[in-house]
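Let me begin by presenting the structure, written as structure tokens, before commenting on it.
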């Protein structure tokens, strides 16, 4: 009888918790998240400042009841196994589960309204059948971007491909599926994206999820739109080259270029996605390596981490911009590498200072490399510096390149090195892929990291310099002991006299 009562009480508690953030443990996790179509889970630790900032917004969102959706949280200090199961490496981490299975990580703003918007967008099917054209027209007024798949029925390849691809765009696009006869001006068996302001793009390529995903990533941004902190994430995932028009909105030349960007962006869409940024508000030119004496508007193309800069000796016009993009597409524009000057003496006490211009030389030297990416202003980097200097001296007489690079003043190829925080240390085996160092940044740990991955020579189990230091310490102790004895003997002699 008591057992039945406890079960009933637990179920009642669960029902009452539909408008709060449920506490999840390894014992109840799988069963609990399977109870709802959508379950948004926050992984946190109490000591994290960002977690503390998120907490009130999270609670406000959790207190609103949304059909078929629940919210929960995992304290990773008390539930380390759950944190490990989902490879939680930073806090807070928010993961969406759909029908009990991990679907995606939440990367939006951490406010109540944004969280609720995200949850609502993920409830129900990603693609809605449209029974008439007016339904789509109303959606175009309510949403910034609307996507319509024009197909005969829901069993076509277009329908199944769109349904799968749409899962990743629920927040940024509103999806419909409709019979072609409802849109007589459009080509049947195509996918049409409508953006506010009257812009439209059509996909009639292969019905493959990967190709359609690339199209949707591009088509949700305007032909020549402004990049802002709110939409930056949309541009950051585009695989096609992205061109940045850097403008000063109050200057005539910038106004003229900005007014032409929609037409230029539409014309050049197959080569490049064009955007503009107000450098008076967002001085991105500093990070892109644009010279301080550059004339504005300026233009920079970015592709696979490399920068391609339009001449900054003259202002960019519509004509020069179109010419530049076509030259770029033809492979006739060389990348502009942001780099500090090459130091006169590159290696001091075993540590090599690398700049962007010399990176490739060292990567192809035939040697293994241990490289530190740092920022001059970073406190953790300053604390780690003596340890890294000690490592450099330890391997000074070996074939290992122990190097450092100022990642704020030099171009870092993101396809080779993923640097998301400072300091970051990689071991690069000769001809191999970089391996990131993880763990406490102690001399012993870094030394063992090198010993584990080195390929061009053998590393002893114990560091040579540490052994020498211990030997030196013992000798110093012995010397001091002898000096003390000598002093005592001297005093005795004086007393005897």
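The backbone N, Cα and C atoms fix where each Cβ goes, and this holds for glycine too.
Since we're looking at a predicted model, the values are computed, not measured.
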Residues flagged as region 'Disordered' in Swiss-Prot, choosing from 424-460, 461-497:
461-497
Where does residue 51 (disulfide bond) sit in DSSP terms: helix, strand, or coil?
helix
For residue 381 (disulfide bond), name the DSSP secondary structure in the helix/strand/coil scheme.
helix
Just the number: how many Å between the Cα atoms of residue 51 (disulfide bond) and residue 378 (disulfide bond)?
22
How many whole Å apart are the CA atoms of residue 48 (disulfide bond) and residue 378 (disulfide bond)?
19
